[in-house]
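Sequence annotations record features per position, and here TrEMBL assigns domain 'Cupin type-1' to 69-212, 247-386. Annotation source TrEMBL lists Mn(2+) 1 binding site at His112, His114, Glu118, His157. TrEMBL lists His292, Glu297, His336 with the feature Mn(2+) 2 binding site. For Glu350, the entry in TrEMBL reads active site, proton donor.
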Amino acid sequence: TATVPFATTYPNKVAWGPNSDVSIPAPERNKLGASIIGPSNPQLELQNADLLAPPTTDSGSVHNAKWPFTLSHNRLQTGGWARQQNVDQMPIATSMAGVNMRLEAGAIRELHWHKTSEWAYVLKGTTQVTAVDANGSNFVGNAGPGDLWFFPAGVPHSLQATADDPDGTEFLLIFPDGKFDEDGTFLLTDWLAHVPFEVIMKNFQATNPEAFSHIPAQQLYIFPSIPPTSDTPPEDPQGQVPQSFVFPLSQTNATQLAGGSIRMADSTVFPVSTTISVAEVTVNSGGMRWWHPTMDEWSFFLRGEGRMTIFAAQSNAATFNYQAGDIGFVPATMGHYVENTGNTTLRYLEIFNGDRVQDISLSQWLALTPPELVKAHLNLDDETIAKLPKTKPIVV
């Protein structure tokens, strides 16, 4: 005998899409709501159907879990630009922050270091990275489209666009601290501009007063230069770093699934990346991925249209819509799914604040739980339970 009413079977499909007619959006669903008769912003409403007309299954309050990089303030430099997202833009994302950066061919993101580690995914072009670790070992490497790099906290490094692509390079940076501020980076030129000149001369044991007389008076941050012609590092008596700071994710084979594909990179294959791991996921039109993570998840949508409902316990649930260039965030253990709501393949990144990619499948959880216990919860019949997959269905 049911002790509570049964959950609704009313269809709650996304009501419209970004390419729908601007006359369609209205805050109405299943005889609830009413039309807008005051001012509105149809272009934003087309991109956020499930905020204006949420599924009837949404309930309570969930913090905003969507941020388009388009709304981030951009820092324009000669040679490129950078824009960021941290807790100031999306307060729910307390454990990770992101930076989107573009460098024209040859342009340099100057020598610098951070208090946190830095993880990157190359969106376009090739980026040459350099670094020197605490043991004096050096590194020079190239990361192409779909490849990664990682620098532990405190390791000084630089980024430069090669001439492989005439447009230079663009990449995504992730930092395991939601309060990270790109403008708070420690920069080489900024440092030396604020050290007495005689101290600089003494440190470098320089005798010619002209040798260090052209240090910039303020930080360069991003500036134009000549594209690198080699990825060979300077000769180093300490040798090269023991673990590469670059990982060629684009050259690894994706696991093909019934509803899409997935390829992953964590410390098992990219040993130096101890604080960030990633899954690059594709979901075919109509497909979905349903699970809950064991770590915080920062998502970045690369292509297509997606929909995510986040379940935050205590009957709190909210649904968000995503397009290319949007950021999503799900705190650890909150149940959610990602559904492809468009007509093309959805491609996005799941980025975790840990050294392993881990999640728990809802279908597998129920399939591996005693059947009578599942029946007692969901009133499923034997035939339905028998069809539940006992191996993890990553994308269906």
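Quick reminder: no glycine exception, Cβ is built from N, Cα and C everywhere.
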Extra residues within 8 Å (Cβ to Cβ centroid of His292, Glu297, His336), Mn(2+) 2:
Trp291, Pro293, Ile310, Val330, Thr333, Met334, Gly335, Asp359
In whole Å, how far does the CA atom of His292 (Mn(2+) 2 binding site) lie from that of His112 (Mn(2+) 1 binding site)?
36
Need this for a regression test: recorded positions His112, His114, Glu118, His157, Glu350, filtered to those with Cα within 10 Å of Glu297 (Mn(2+) 2 binding site). What's left?
Glu350
Taking every protein chain shown into account, which of the binding-site residues His112, His157, His292, His336 has the largest tally of Cβ atoms within 10 Å of its Cβ?
His336
Where the residue listed as 'active site, proton donor' and His114 (Mn(2+) 1 binding site) are concerned, what is their Cα separation in Å, rounded?
23
By DSSP, how many residues in the domain 'Cupin type-1' (247-386) are helix, how many strand, and how many coil?
22 helix, 65 strand, 53 coil
Around Glu118 (Mn(2+) 1 binding site), which residues of its chain at least 6 apart sit with Cβ under 8 Å of its Cβ?
Trp149, Phe150, Phe151, His157, Leu173, Ile174, Phe175
Average the per-residue pLDDT over the domain 'Cupin type-1' (69-212) and send me the rounded value.
97
Taking the center of the Cβ atoms of His112, His114, Glu118, His157 at the recorded Mn(2+) 1 site, which other residues in this chain have a Cβ no more than 8 Å from that point?
Trp113, Phe151, Val155, Pro156, Thr185
Fewest Cβ neighbours within 10 Å, where candidates are the recorded positions Glu297, Glu350:
Glu350
Cα-Cα, whole number of Å: His114 (Mn(2+) 1 binding site) versus His336 (Mn(2+) 2 binding site)?
32
Please count the residues of the domain 'Cupin type-1' (69-212) that DSSP assigns to helix (H, G, I), strand (E, B) and coil.
18 helix, 60 strand, 66 coil
Roughly how many angstrom lie between the C-alpha atoms of His112 (Mn(2+) 1 binding site) and His336 (Mn(2+) 2 binding site)?
37
